[in-house]
Amino acid sequence: MLLSQTLLHAAVFALTVFQALASKTFIAAVYEHAVILPDDTDEPVSPDKALALMNKNMDVLEGAIKEAAQQGAHIIVTPEDGIYGWRFTRETIYPYLEDIPDPVVNWIPCTDPTRFAPAPVQERLSCMARNNSIYVVANIGDKKLCNSSDPGCPSDGRYHYNTDVVFDPEGKLVARYHKYNLFLSEDQFNYPKEPEAVTFETPFGKFGIFTCFDILFHEPAVVLVSKLQVDTVLFPTAWMNVLPFLTAVEFHSAWAMGMRVNFLAANTHYTSLSMTGSGIYAPNGARTYYYNMKTEDGHLLVAELDSHPRLSPASPPAVNWSSYASSIERFSPNDHDFRGPIFHDWFTFTELTKPAGNLTVCQKDLCCHLSYKMAGKRKDEVYVLGAFDGLHVVEGQYYLQICTLLKCNSTDPNTCGQPVETAQTKFEMFSLSGTFGTNYVFPEVLYSRVQLAPGEFEVLNDGRLISKTRPTKPVVTVTLFGRWYEKD
């Protein structure tokens, strides 16, 4: 009986691989998970209690994985912190950690669970992948012992790592990634000694993986795409939305477009911390996405993607982001320039005082040009053109160049840059460009009520972000978000 089951599984896996090889596309899934959180305590719980909580979360994830597989998905991404949550100190997270080996060991935990130290979470994830013939991507915690001969060894004698794991359709561990850019509140984890660039090959392209805050930095995010040429990036995240530029769905969609790769973003769902926003993104826009601040439900997304997006006819052309803006003369001087903060960064703004026109606003070396026409100029809404050229230093240091058409929170100019989700003003057209010093620019268009605009705008190869059709919904922001990594 065991032999026949093994042969059956091998046949199913071979058929899955053949089908993927026979197609230039694949089916991707992401699951936004409303995580069941541990009690907030200063004392570590027992290993059994820790595993009980993790099994509750994995029960939910297993249901999503089964449903995704039934819909034909080849891979599913689940969120950062999706198995044990957060609210941890270094001491209290320890019972939730497992020793995760390097994938070179060629290990299938589902069929050989006792080969290494006890690893019930890895065993169960492996079985989820194997039983459903699907790649499973999850975020768990890794622990590694160290000793006094290691000058970086923590006083408790172990390293803790925020870790992504990938199991293939046979249940084999094929990737392990230790998060390099930890967020402010992740004191329970250690930084790896060196940034890791983790990739793995599949029948439907080359994949890379990193976690949440990593996306804003050169290593590993840009290395994976620009140097290692991955086709698809896997992105477990616990993203707290920050309007107007760093809302999950808009920034992740923009990153996929700017980097010209597929991007599978799975967010945790916890509205008290503004955590929501997952999606399956292609270089030419979102294939599907989810943003919900009203309920506490999880949500499964499934969509088809090109296996090799750079080879797709739909792939956008390479962009010279400063070409157009550097070739034109500055539009007429403004009488309405003023300064205001957006997420602690001080922008230079100029108000759109007319229903149509051409404007320029500059800060340092960045000049932002806007041509626009409103469907009607409302007296109860104010829009500005803004520029920022400088180092962001709040929760990390990273150099930004940003051009933005932005709706203000009220008619008071002092509210420009404050979070706003709704708008009434529709535009007939817009064209935004800037004299960027970086080639890494991410184009965003966000409509009222945090809705994306797939298919309604495009980026020309001279660096202009333009409305492709008449925008169908009121505009909250049109933004070119530039990251100048060399100046961090």
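Note: Cβ is positioned from N, Cα and C throughout, glycine not excepted.
What TrEMBL says about a protein is an automatic prediction, not a curated fact.
As written in TrEMBL, here are the features:
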type	residues	note
SIGNAL	1-22	signal peptide
DOMAIN	31-307	domain 'CN hydrolase'
ACT_SITE	E80	active site, proton acceptor
ACT_SITE	K179	active site, proton donor
ACT_SITE	C212	active site, nucleophile
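Around C212 (active site, nucleophile), a 10 Å sphere centred on its CB holds 25 further CB atoms from the protein chains shown. Around the residue listed as 'active site, proton acceptor', taking its Cβ as the centre, 26 other Cβ atoms fall within 10 Å, counting all chains. Mean model confidence of the domain 'CN hydrolase' (31-307) amounts to 97 (pLDDT, 0 to 100 scale). Between the C-alpha atoms of the residue listed as 'active site, proton donor' and C212 (active site, nucleophile), the distance comes to 9 Å. K179 (active site, proton donor) is surrounded by 26 other CB atoms, counting those within 10 A of its CB over all protein chains shown. If you measure from the Cα atom of the residue listed as 'active site, proton acceptor' to that of the residue listed as 'active site, nucleophile', you get 8 Å.
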